[in-house]
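Visitor: Pasting in a structure now, in structure tokens, and then I'll have a few things to ask.
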């Protein structure tokens, strides 16, 4: 165990996502200390060695070591990447039975260390497992965050930017709802340079509208395509996790589409779901309730109902 100085991030699960996330943290100089925890201690130790050998190339070298749950005591943030991976043909919700028991063990072990920081959950189905983390930890809702639709939103902005030939950073558009098959695009609030995207395609005819629909389908189904081609997704979500981590540790008050607990916003209660939220060192400062059109409201409620239906099998609602 290192002597805690500066910001400490504990990464639980050093598979594809966890290791890629630690690599992103190192390359961006986000954390001062990174501890890697995995049931396979040799894997965690090997990753720590590998990352340490690249310290000289990092913008802000971090202390990196493989550890155990006791190291979570002084962590500012515990990021859970452990669990069963999604296989070809599986939906994210198919993973619940496999991962819920794993999460109970992980969260209880973290809390037993005396941990008083924030949880960030990456494992799928992320909305369900973020709710489980909140329940198992008994922490305030704002201190438990899921990666939500941060990657879906990034995919959306990338594909829209590609279609309109502008930088994705200049595309303002959100994917909200379940990180999964019932997620939805908020077309009513999407714009590029202040011009609504719906207005941009008005003059281009029906084919342009169909292309927007195809873009959303490609966003929604991207994970299935990547899993089919290479077995897993990890680079994109690792960078998304790093972005959330920076917002937390650097107290940025950044608006990101994370899995946040709703207790009234969007007309929903007692569910973690992907929505824009203000993120800082205290966790979720507030949920941003963007104005949805009637069709989007119906779609969002269907998405929330899907998640609640799964939660009801494991937690009293």
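In case you wondered, yes, glycine gets a Cβ from its N, Cα and C as well.
Note that this is a predicted model, so its numbers are computed, not measured.
Annotation comment: Swiss-Prot describes 17, 38, 43, 69, 83, 84, 105, 122, 123, 124, 147 as NAD(+) binding site, evidence class sequence analysis. What Swiss-Prot lists as substrate binding site is 86, 92, 124, 125, 126, 127, 152, 153, 154, 155, 233. The annotation beta-D-fructose 1,6-bisphosphate binding site is assigned in Swiss-Prot to 157, 172 on the grounds of sequence analysis. Residues or ranges marked as active site, proton acceptor by Swiss-Prot: 179. Look at Swiss-Prot and you will find 224 tagged as phosphotyrosine, backed by sequence analysis.
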Visitor: What does DSSP call residue 172 (beta-D-fructose 1,6-bisphosphate binding site) in the simple three-state scheme?
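Guide: Assignment for residue 172 (beta-D-fructose 1,6-bisphosphate binding site) reads strand.
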Visitor: Among the binding-site residues 17, 126, 154, which residue has the fewest other Cβ atoms within 10 Å of its own Cβ?
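Guide: Checked 17, 126, 154; of these binding-site residues, fewest Cβ neighbours within 10 Å: 154.
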Visitor: Counting distance between Cα atoms, which of the recorded positions 17, 83, 105, 179, 224 is nearest residue 126 (substrate binding site)?
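Guide: Sorting the recorded positions by distance from residue 126 (substrate binding site), the top entry is 179.
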Visitor: Using a 10 Å radius around each Cβ and all protein chains in view, which of these recorded positions has the most neighbours: 43, 172, 179?
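Guide: Top count of Cβ atoms within 10 Å goes to 179.
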Visitor: Note down the number of other Cβ atoms within 10 Å of the Cβ of residue 224 (phosphotyrosine), including every protein chain shown.
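Guide: I count 16 other Cβ atoms within 10 Å of it.
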Visitor: In which DSSP state, out of helix, strand and coil, do we find residue 17 (NAD(+) binding site)?
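Guide: The three-state answer is helix.
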Visitor: Non-local Cβ contacts of residue 83 (NAD(+) binding site) (under 8 Å, 6 or more apart, same chain)?
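Guide: Listed in sequence order, they are 13, 95, 98, 99, 102, 103, 123, 124, 129.
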Visitor: If you count CB neighbours within 10 Å, which one among the binding-site residues 86, 123, 147 has the smallest count?
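Guide: Across 86, 123, 147, these binding-site residues, the one with fewest Cβ atoms within 10 Å is 86.
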Visitor: May I ask for the distance between residue 157 (beta-D-fructose 1,6-bisphosphate binding site) and residue 233 (substrate binding site), taken between their Cα atoms and rounded to an integer number of Å?
Guide: 18
Visitor: Around residue 105 (NAD(+) binding site), how many other CB atoms lie within 10 A of its CB?
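Guide: Counting Cβ neighbours of residue 105 (NAD(+) binding site) within 10 Å gives 12.
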